[in-house]
Amino acid sequence: MPNASSWSASSPLLLLWEDSSGTRIFLSLLYAVLAISGTLSNVMVIYLVFSFKKLQTTSNAFIVNGCAADLSVCALWMPQEAVLGLLPPNSSSLRSAEYRLLRGGLLGLGLTVSLASHLLVAFNRYVLITKLPSVYQALYQRKHTGCMIGLSWALALLPVPLLPGLWTLGSAQSDGSSRYTALLLALAVLGQTALLLHCYLGIVRRVRGSAKRVSVLNFHLLHQLPFPAAPPPPRRAQRRLSSVSVLLLCCVFLLGTQPLVWVSLLGFFLRPAPPALQAASWLLLCSLSALNPLLYTWRSEEFRRAARSVLPRGEGPAA
């Protein structure tokens with residue numbers, strides 16, 4: 001019988017072998033819902049950005065990069081988990097080392113590039129708001145932007161072979177490798193989170209302290225922050241809305257990433273957390289792949305207008 005430290009490898013749903021069929025069916029349905037909604041939302045954002053010239057900005061290029069990575073999780077990895085969760089625990093598909101390697105690679109590649117894209121978006125907006133226009137234009141030339149996107153994928157390919165250590169069976173050797181792999185993952189996410197919070201909190205301080213400087217730069221601040229609004233409200237309300245929007249984005253990101261970080265650190269330095277808590281932390285992290293497109297676009301008037309124009313009712317008088 002697998003012990004608690006082998007929770008992550010014992011099934012494709014990150015649960016123990018002896019979990020009830022009802023739990024496995026419920027998680028399979030949850031993965032199916034996340035897969036469908038995440039695939040549709042990511043594909044929609046990519047399509048809108050490529051179809052409408054107004055949306056083809058540097059910040060949106062990084063958002064599209066994240067959507068492409070999230071498709072690796074939502075369209076390729078989650079459907080497999082939904083199907084495999086309905087198979088009996090002794091199925092040969094669950095025990096295949098090669099198949100676990102493929103699934104772990106898809107998950108690792110998608111999550112790594114997605115998290116890197118979050119950081120690229122945050123840094124882009126930080127430079128846009130806090131630096132001079134000349135600095136922003138020099139840093140974010142087309143070739144530099146392409147290099148940043150390519151580097152995010154290149155760096156993501158390096159740790160992919162390590163991730164299947166989280167999925168191996170609970171032998172003494174695999175326990176040690178999976179613990180160190182989990183620690184490496186936790187430290188990487190923790191460092192990325194610290195940089196992202198530094199960027200967004202720097203934006204909040206600048207917006208609250210000097211809205212006049214932003215207007216002098218001739219940048220529409222609310223159309224660059226995660227939740228733009230149109231028409232723009234008065235300056236004081238504008239600053240308040242911008243700050244709340246950025247803080248809301250940070251809270252959602254922390255809710256999705258930090259449980260896995262602290263569960264992994266707890267398992268490495270003290271003792272493994274309960275299997276249900278470990279599974280829940282993984283699900284929260286993976287669910288970000290379905291939520292990311294909404295986090296960056298659902299309050300953007302440009303995205304909403306573009307979406308209305310391609311939907312069937314977008315041809316009516318209102319359009």
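Just so it is clear, glycine is given a Cβ too, placed from its N, Cα and C backbone atoms.
A TrEMBL annotation is a machine prediction, not a hand-curated record.
Per TrEMBL, the features are as follows:
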type	residues	note
TRANSMEM	25-50	transmembrane segment
DOMAIN	41-296	domain 'G-protein coupled receptors family 1 profile'
TRANSMEM	62-80	transmembrane segment
TRANSMEM	100-123	transmembrane segment
TRANSMEM	144-162	transmembrane segment
TRANSMEM	182-203	transmembrane segment
TRANSMEM	244-270	transmembrane segment
TRANSMEM	276-298	transmembrane segment
Notebook entry, point to check: Taking 62-80, 100-123, 182-203, 244-270, 276-298 as candidates, which has the most Cβ pairs under 8 Å with the transmembrane segment (25-50)?
Noted result: 62-80
Item checked: Averaged pLDDT, computed only over the residues in the domain 'G-protein coupled receptors family 1 profile' (41-296) -> 77
Check: Are there 3 or more C-beta pairs under 8 Å linking the transmembrane segment (100-123) with the transmembrane segment (276-298), counting only pairs at least 6 apart in sequence?
Finding: yes
Checklist line | Among 62-80, 100-123, 244-270, stretch most in contact with the transmembrane segment (182-203) (C-beta, under 8 angstroms) | finding: 244-270
